[in-house]
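K.L.:
The structure that follows is given in the form of structure tokens.
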């Protein structure tokens, strides 16, 4: 350890000597010793200035500026006092009065006109010409003056050119000197910086060496102390005590050995820590030296960059002196650069176009997805609409069932009565029943097994009835009125249908056959003006719930025929009752009156007879009423056997009456009387019912008549 302390002391001495050398170099550069500390008072005096502080010095400076005339003039004080000022004012007043006196005298004195008049001298043209023409002496004088001026100007020009050349040379020399001075200054700064950095590094080394020396000395002292302690036994308890027995025994010998082992272990650990600490202290200056090296590298790079900048400046000067020799090359390079820029711009434009196309494709895809979603939503919503339609259909079916029960009672009651009041009220009841029937035509039909059975029966009836039936005969004028009334009634019924029907339904409103219209032409020319209207119900397209079967045509045929025959019975029975009360001469008038009172029944019978003969026309008109035929056939299903007997008898009687009606109108009365006998027995039981129901429907009939009249007026308009 003593050797280590000596080596450290030697290193410390060497470092001190090198530091002294650095201080001397700094003194040479700066002219002062870096170890000398400046006095604090001198700094304060230099900073504060002659005033000794901020405020005083600034005031003195301000006063100095104002006195020198650079700033605003200071206020001048009058030293003479107030008396001198007053005396001066009096003097100025006296002087102003003296000056104003002679002016007042001039104003008072009268002005006199001068007797001397200046003669006007007019120069002639010759005099002017002579003045312009110069003598030879004047010309020579002018030439000399002009020559002198030109000579002076040329001299000035020459001197100016020489001066410019000299100035250029001076400027070049000054620039070179400035560059050299800057380089020298930079070198001096770099040297100074390096010297100060060396000085700092040496100082750090000295400090480290001093610390090492101190630590080494402490370690030596501690080792000496440990060498003394190791001979004693150390207690296990703290604080540790060292003792030695007077007489040694094996137990004490063991304790000494154990304590020595422990102490040696402590000493070794302490030495290791000391060595590590010294290594750390040596590593610190190494790190500092690495930082210094990095700084030196950065400085060298800066110097190289500065030198390159100086070379570039020299090259630029050489290019300026030699001229623009490389302009062509530069122009070509500029053109190539422009072409490159244009190509870059084109590529950028193409990229932008591609991006726009991609955006458009993405938008199209998004729109398609939205459309698909909307269609799925609509498909989901369609089943809900179908369920609503089915619910409406079920409600309509319940209503139709109730109406069928009412109609069966009404159909049984609609037969002739002996009283004239019943004759007038029965057609009104039929008109009230008719809109309900038309409403049923628009409602959806029921597809059941019973409906199919009824269709088969109706087809068999058609085959039996189509063979013996003759051509229909047109009835007189009163038939046209109920047809028009039915048209007027059917239009509001069709318009008030609910939106449950999915398809467009074209409804022909009781179109008469061409034969009937031809025969009515000479009887009612006024009625031709009213056109037969067909009403269409257009609704939102929904999946069809109801389907119209071709078999419905046959159903409507049978229904219309059965209705016409039942009403022929009533009309004939009524005509016979009226003819029995009146004389044979007035039978034609009474029959016409009865037919006019029962307008609805006669019109319906004519329409039914015309539909039976004209097959295609009746099928077209009855295609719209397919759904109601099934309900009618059910309501009439109870009295099929009775209806067959009546229909056969009615057909035979029609054959007999058709020939008579063509020959003369009065023959209808006789035919109706003959047919009455067979029907009276069957119709007597039903007359009582019709009377009671007709009395109930009296109020309704009056309202229906008003509605009919209003509809007629609207159509005529």
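Think of each number as a place in line: the chain as shown, counted from 1.
Backbone N, Cα and C atoms are what each Cβ position is placed from, and that goes for glycine too.
Pulled the feature table from Swiss-Prot, pasting it below:
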type     : residues : note
COMPBIAS : 87-100   : compositional bias 'Basic and acidic residues'
COMPBIAS : 120-139  : compositional bias 'Basic and acidic residues'
COMPBIAS : 341-350  : compositional bias 'Basic and acidic residues'
COMPBIAS : 359-379  : compositional bias 'Basic and acidic residues'
COMPBIAS : 394-413  : compositional bias 'Basic and acidic residues'
COMPBIAS : 453-467  : compositional bias 'Basic and acidic residues'
COMPBIAS : 476-498  : compositional bias 'Low complexity'
COMPBIAS : 555-575  : compositional bias 'Basic residues'
COMPBIAS : 576-630  : compositional bias 'Low complexity'
COMPBIAS : 653-664  : compositional bias 'Basic and acidic residues'
COMPBIAS : 671-691  : compositional bias 'Basic and acidic residues'
COMPBIAS : 702-717  : compositional bias 'Basic and acidic residues'
MOD_RES  : 238      : N6-succinyllysine
REGION   : 2-284    : region 'Necessary for interaction with RNPS1'
REGION   : 2-167    : region 'Necessary for mediating alternative 5' splicing'
K.L.:
Ten-angstrom check, please: count other Cβ atoms within 10 Å of the Cβ of residue 238 (N6-succinyllysine), all chains counted.
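P.N.:
A 10 Å sphere around the Cβ of residue 238 (N6-succinyllysine) contains 6 other Cβ atoms.
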K.L.:
Summarise the compositional bias 'Basic and acidic residues' (359-379) as counts of helix, strand and coil residues per DSSP.
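P.N.:
Residue counts in helix, strand and coil order: 21 helix, 0 strand, 0 coil.
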K.L.:
Is it possible to list how many residues within the compositional bias 'Basic and acidic residues' (120-139) are helical, extended or coil according to DSSP?
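P.N.:
So the compositional bias 'Basic and acidic residues' (120-139) is made up of 12 helix, 0 strand, 8 coil.
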